[in-house]
Amino acid sequence: MIISKSREEIELMRESALIVSKTLGILAPEIKPGVTTLKLDKLAEEFIRDHGAVPGFLGLYDFPNSLCMSPNAQVVHGIPNDTPLKEGDIISIDCGALKNGFYGDHAYTFEVGEVAPEVKKLLQVTKESLYVGIREFKAGNRVGDVGYAIQKYTEDHGYGVVRELVGHGLGKTMHEDPEMPNYGKRGRGKKFVEGMVVAIEPMINLGTKRIKQLPDGWTILTADNKPSAHFEHDVALVDGKPELLSTFKYIYESLNINTKEEEEFRAKVYD
Ligand code: MG
Ligand code: MG
């Protein structure tokens with residue numbers, strides 16, 4: 001059952017989403033060769049608690065940490081550890097925060113130092129596919145319209161779209177209806193309703209779409225050990241249009257990256 005949120009509830013959810021956005025923003029400048037994912041996890045937990053929230057993933061389904069940290073061939077659900085990141089790695093950081101009874105949940109894949117051009121391209125296209133998908137999250141559309149858009153955009157680049165893991169509704173629980181796959185058919189699936197909030201999160205592989213899982217019971221990685229990218233935003237359906245609750249702007253400010261991608265997204269949604 002899809003649970004619609006009131007305007008007041010959506011503002012509370014924005015608060016939770018922005019705590020996650022700011023957490024990713026403070027981590028961004030720390031992501032360098034030599035840093036461990038465990039150190040980043042501790043920084044994140046401290047920041048989240050200092051902002052009156054609780055880490056959303058810590059203890060959720062018994063997950064042991066605050067962040068899911070998934071380098072290189074890991075798709076999602078990687079567990080922070082004391083292995084230092086190295087030049088040329090990529091690292092997906094997925095972060096959750098719970099405040100005022102509502103969850104925020106979003107993710108970004110970072111470059112560690114200089115990354116190979118084909119991997120850079122994977123990150124760029126995956127992030128673009130996130131916005132391409134979010135644009136289809138609008139009144140009159142269905143779950144399949146978002147999935148179709150992401151799948152088409154990324155498969156046209158020859159990438160593999162992970163099937164087993166999907167986006168989801170978000171609210172007082174981390175995973176609500178509906179499931180939001182990154183593949184699908186136009187006009188299929190549940191119809192979007194005003195006030196619903198979803199986490200849209202393409203997980204896109206450089207090679208095969210197939211995945212495997214490590215014996216730790218958590219870590220998902222690509223079956224061919226080629227890199228995988230993951231970007232996620234929290235989005236509310238307001239006045240029939242997608243409204244971003246999370247933002248990458250704190251990451252870009254930290255890294256001195258000059259981009260207008262969120263402004264361009266809004267311009268396309270409201271044109
Ligand atoms: Mg997430
Ligand atoms: Mg999610």
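All positions are counted from 1 along the displayed chain.
Every residue, even glycine, has its Cβ placed from backbone N, Cα and C.
Here the structure is a predicted model, which means the values were calculated and not measured.
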Legend entry - Candidates Asp89, Asp94, Asp224, the one TrEMBL lists with Asp105, Glu232 as binding divalent metal cation 1: Asp94
Inset, instruction - From the candidates His77, His168, give the one listed by TrEMBL for the same divalent metal cation 2 site as Asp105, Glu201, Glu232. - result: His168
Inset, instruction - Could you measure between His168 (divalent metal cation 2 binding site) and Asp94 (divalent metal cation 1 binding site) for me? Cα positions, answer in whole angstrom. - result: 14
Inset, instruction - Give the sequence-ordered list of residues that share a chain with Glu201 (divalent metal cation 2 binding site), lie 6 or more positions from it, and have CB atoms under 8 Å from its CB. - result: His106, Ala107, Leu130, Val166, Gly167, Met180, Asn182, His230, Phe231, Glu232, His233
Inset, instruction - Summarise the model confidence on the domain 'Peptidase M24' (11-236) as a single mean pLDDT, whole number. - result: 98
